[in-house]
Amino acid sequence: MERETTSTKRNGLLFAVNRERFELSTFDPSTTMLEFLRSHTRFKSVKLSCGEGGCGACVVLLSKYDPVLEQVEHFTVSSCLTLLGSINGCSITTSEGLGNSKDGFHPIHQRFAGFHASQCGFCTPGMCVSLFSALVNAEKTDRPEPPLGFSKLTVSEAEKAIAGNLCRCTGYRSIVDACKSFAADVDMEDLGLNIYWKKGDDKGMKVSRLPFYNPSDQICTFPDFLKNENNSAMLVNYKRYSWYNPFSVEELKNLLKSNLVENGTRMKLVVGNTGTGYYKESEHHDKYIDLRYIPELSMIRRDHMGIEIGAAVTISKAILALKEEKKCGLHSEGKAVFKKIADHMEKIASGFIRNSASLGGNLVMAQRKNFPSDIATIFLAAGSMVNIMTGLKHEKLSLEEFLESPPLDSKAVLFSVQIPYWDLNRNNTETDTKLLFETYRAAPRPLGNALPYLNAAFLAEISHCKTSDGIIIKNVQLAFGAYGTKHAMRAKKVEEFLAGKTLSLGLLHEAVKLVRATVVPEEGTSNPAYRSSLAVGFLFQFLHPLVDACAQFSNSCLDGYTLLENASKIKCNYNEFDHLQNPALLSSAKQVVETCREYYPVGEPITKSGAAIQASGEAVYVDDIPSPMNCLHGAFIYSTKPLAWVKGVKFESRSLPDRVTGILSFRDIPKEGENIGSKTIFGIEPLFADDLTRCAGQRIAFVVAESQKVADMAAKVAMVDYDIENLEPPILTVEEAVKRSSFFEVPSFLYPPQVGDFSKGMAEADHKILNAEIKLGSQYYFYMETQTALAVPDEDNCMVVYSSIQCPEYAHSVIARCLGIPEHNVRVITRRVGGGFGGKAIRAMPVATACALAAYKLCRPVRIYVNRKTDMIMAGGRHPMKIKYSVGFKSNGKITALHLDILINAGMSADISPIMPRNMLGALKKYDWGALSFDIKVCKTNHSSKSAMRAPGEVQASFIAEAVIEHVASVLSMEVDSIRNRNLHTFDSLSLFHEGSAGEPLEYTLPSLWDKLASSSSFAYRAEMIKEFNRSNKWQKKGISRVPIVHEVSLRPTPGKVSILWDGSVVVEVGGIEVGQGLWTKVKQMTAFALSAIQCDGTEDLLEKVRVIQSDTLSLIQGGFTAGSTTSESSCEAVRLCCNALVERLTPLKENLQEQMCSVKWDILILQAHSQAVNLSASSYYVPEFTSMQYPKLWCCSERGGGKSSDWGNHNFES
């Protein structure tokens, strides 16, 4: 190629990671930055979670040097999408590069830990990098110098810094507080619970106690050696792959028309590669062409006609360009259009995606693949044009023509986009014409990665009607997109209908009907009616304020220009309402925690154990463990049929693909073993389907390869041969399960008794609701860390398995049974879990077992990190249900009887499903229903097995209870709160519904909690304020509610072990698993408290001497399940029993030493104990007393909501 002869060629990549030099002579261009960082560096803080750029767990800071400006540009990118070839000459900074446990943590790490902003910690390093990027870029602004210890960052910027980072367990309040603590304009009173200050401390004291941040202490994010390197063009050939960096249009043309393309070479044009987050690629490309170095594709050009943006310009840079104030004589209305386009674009994806995603790439995806693009819609309404190059031909098309054209072929390139500058005075002699432009978007989340249900953009030229006081729509452009159509479109019929007409309610009504008929989602689109209603609502929102303005000023003597000005102001007030008062994303909140020094440090809000190393990325999760020598990687091949015979699994080539080592199925289970993948007290689930697969998503085989990428690709292309001959149709609904009597048996001791006399209660009722229906869908766990395991064969036919699991003891037993070896030959180790929510309990067992089987058969280590799609298909999740209810109630709202018919979809195996009726009734009994009868059936269907998920059954039951309460309130036209209040339990009714576990009358606190919550949250006052607001606002409404919750607490037997070492440090083992809930922290506190009973000098510092270590099923047996919100407390009690035994052993020695030395130090005591052969290791097995194994726990919470979708609401909790 021309570049090879006209410029210097470097045969490799050069870049830096955390200031360390990396130079690669060969590489696979399909490799992502994440794959390289995790496989070829020691930095593991970048995590693979969604693999789509949608969660932020893999975020890194990318720094690029501009030799012309002599400046370094810093921005975050998603490393799971960024291709390795695109980082040549760049520097990467991960959370480890900010600080660590050896060299000192960065203030970001310290404040994340101090504000309790990390639970499981899997997402935390990415959040720290996102915040660091915001801090670095804030310092580049010309804002005033901030107060000492703060940055130039604003509170709003601090909140937005982590808008694209998902956290599934911590809750964003504490995370945002950690971020806001750096902001110069932060209100210290608004920062929540932390370890730095207590109630009553003044602002100066609070600031002084924060870990000090000095913006001048800059971390080197771009080492000098990169600045000094020749950043010349690069052409790397590695096997059949090539990466090209053309520097001119001519070079690009030559590449596109080369004979390589003619011969069918698969070529990919690359800028940010973010499209692969949405459109997964299963095949490799022979040629990669990076378009970022072509000046014409990266330019931004302005003139009096508009702005032209190159197709390779990132969305973030396009936003800055549109917002940039240039003195080009632009009219304010034209600037306003640009600004509103930029504001809308900031809602697209997340910052780290916008930083690398190109404007052209977004539009090409919309044109080629019908991507639901926001950019296409808003550019369409603004009348944009595009420039296309096809071979030697350049053509200019309107965006509408471009979208409607056949998909671009591989030789065509989108060159640039032109957004016109709207100047009504340019060709318009009328001075009273005004321009209105608005964009709209409805999505599951206002910010961050969430595709819209519908987007829209409207542009209108309006003028005053000379014959009346009305407003004429001279011209209007209405664009709608993402509602279930191939691409964004203009509503031409509506535009033609409105053009030239005077606005009125009648006209608006007709236009709305026309929009409803025009914006019709294609068949198969989800929520079609909702999407159409959004289109109607957006048009109404756009035009109705103008109708209101006409009515408001119709009798006043205003000239046309003044009328239009007032109309525009009213419209502005409509759009900006409720945002001026609350510019921040989060509403304010306050947490008050009362502690008692009597049991210090138990109950103290100390830093969560391991939070700082989670923030810095040093915390080791299963997939962070370095691969042993000759390690293989596995992936599951699962069924795509709900019920079918499995005749075999094969690949296209008949032989195994390259770098694939083997494929295992149920036939490869040892003769002495069993086909078992998981177990509960209700039975087992097979590891693999045998000759018959019983659900889509059931494991059929396990493919093993040299890398996770190869294993995943092999599993994807594997072909399963099915046969459905002589099989009945699968059972896919609970209704079909009832017809065919397909149920799991619920043991009688788990099926709750009916309460009261339902017939009598219905007879006493003044009103009845009969056979009302509720349907509840399933829910995926979405733990940030997917299922993962590592199995390593050990000596003497043993197997060591590292698993991210909530119940290692059960996995231990299942693995032994599967392999047919004694349990003492198996060892399961779990240090921490990157999010569980119940999904890392039963559903983690087959993952660990499959790895162990493969390692056992192949005599090599085998590991797996299940990709997100496979995990979602196989995991099962929450139980779907169908509920019918009949309820009787008095005119005053007191419910007298409730009957429920509940059908639970359990899937193909029992798992924990037979316990669901018991769990549901515990939560349903939070109200006094008078009489409660029910018929609950656990249906066996051909769906994936449903399992425990965050309060299994209780979430659904609480929803059912509130649905009934709200239905009753609706029928009676009464306030829901009054219905709830009237049906709260008295102690007598509590004793009836919770027979045997109600406790004593003085222990029943729900009524007092209910009143305390109302008082502490000013519930009555706020309810009146909301009523007044709703009376005064036609289109915006707010609401407030308080809800009681009853959770039946169940304690389980739990083991513990405490050992005191020579230097006085303490090591603790417990059966409970740290899944982010702070179990280790509570155990450390209990250990320090219980050992301090020895009462010698130095015990006040015991907390720092305690370390809780990973779970090891051979070191500590009978670990049980970590579930039910009580494992931390049970583990603490087990540890307390151990410490009591140790204190008892040490007391005689301490008394002897005290007689000799008066004062005895902890270190001396322990040293003497070792020398005198005192046993300093104690084990226990805490078994709760029968009377305390189960009891109801009461909560109430209040929540305010309503208004704009960005209003997160206020919350108060009492328990």
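Keep in mind that glycine also has a Cβ here, set from the backbone N, Cα and C atoms.
A TrEMBL annotation is a machine prediction, not a hand-curated record.
Residues annotated as [2Fe-2S] cluster 1 binding site in TrEMBL: C50, C55, C58, C80.
As annotated by TrEMBL, [2Fe-2S] cluster 2 binding site applies to C120, C123, C167, C169. Cβ neighbours within 10 Å of C167 ([2Fe-2S] cluster 2 binding site), excluding its own Cβ and spanning all shown chains: 26.
The FAD binding site feature in TrEMBL is assigned to S358, L359, G360, G361, N362, D374, L414, R441. Taking the Cβ of G360 (FAD binding site) as reference, residues of its chain lying under 8 Å away and at least six apart in sequence are, in sequence order, V271, L297, G310, A311, A312, V313, L414, F415, S416, V417.
TrEMBL lists Q806, F837, R950, G1124 with the feature Mo-molybdopterin binding site. The C-beta environment of Q806 (Mo-molybdopterin binding site), restricted to residues of the same chain at least 6 apart in sequence and closer than 8 Å, consists of V833, G836, G838, K840, A841, A844, I1073, V1075, F1121, T1122, A1123.
TrEMBL lists R918 with the feature substrate binding site.
Sequence annotations record features per position, and here TrEMBL assigns domain '2Fe-2S ferredoxin-type' to 11-98.
The domain 'FAD-binding PCMH-type' annotation in TrEMBL covers 236-424.
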Averaged pLDDT score, the domain 'FAD-binding PCMH-type' (236-424): 89
Candidates C120, C123, C167, G361, N362, R918, namely the binding-site residues, that fall within 10 Å of C55 ([2Fe-2S] cluster 1 binding site) by Cα distance: C123, C167
Cβ neighbours of R918 (substrate binding site) where a neighbour is any other Cβ within 10 Å: 18
From binding-site residues C169, F837, R918, the one whose Cα lies nearest G361 (FAD binding site): C169
Structural state census, the domain '2Fe-2S ferredoxin-type' (11-98) (DSSP three-state): 15 helix, 31 strand, 42 coil
Fewest-neighbour residue among binding-site residues, criterion Cβ within 10 Å, set C58, C120: C120
Between D374 (FAD binding site) and C169 ([2Fe-2S] cluster 2 binding site), the C-alpha gap once rounded to whole angstrom: 30
Distance [Cα-Cα, Å, rounded] between C58 ([2Fe-2S] cluster 1 binding site) and R918 (substrate binding site): 41
Top Cα neighbour of C120 ([2Fe-2S] cluster 2 binding site) in the set of binding-site residues L359, R441, F837, R918: F837
Binding-site residues compared (C169, L414) - highest count of Cβ atoms within 10 Å: L414
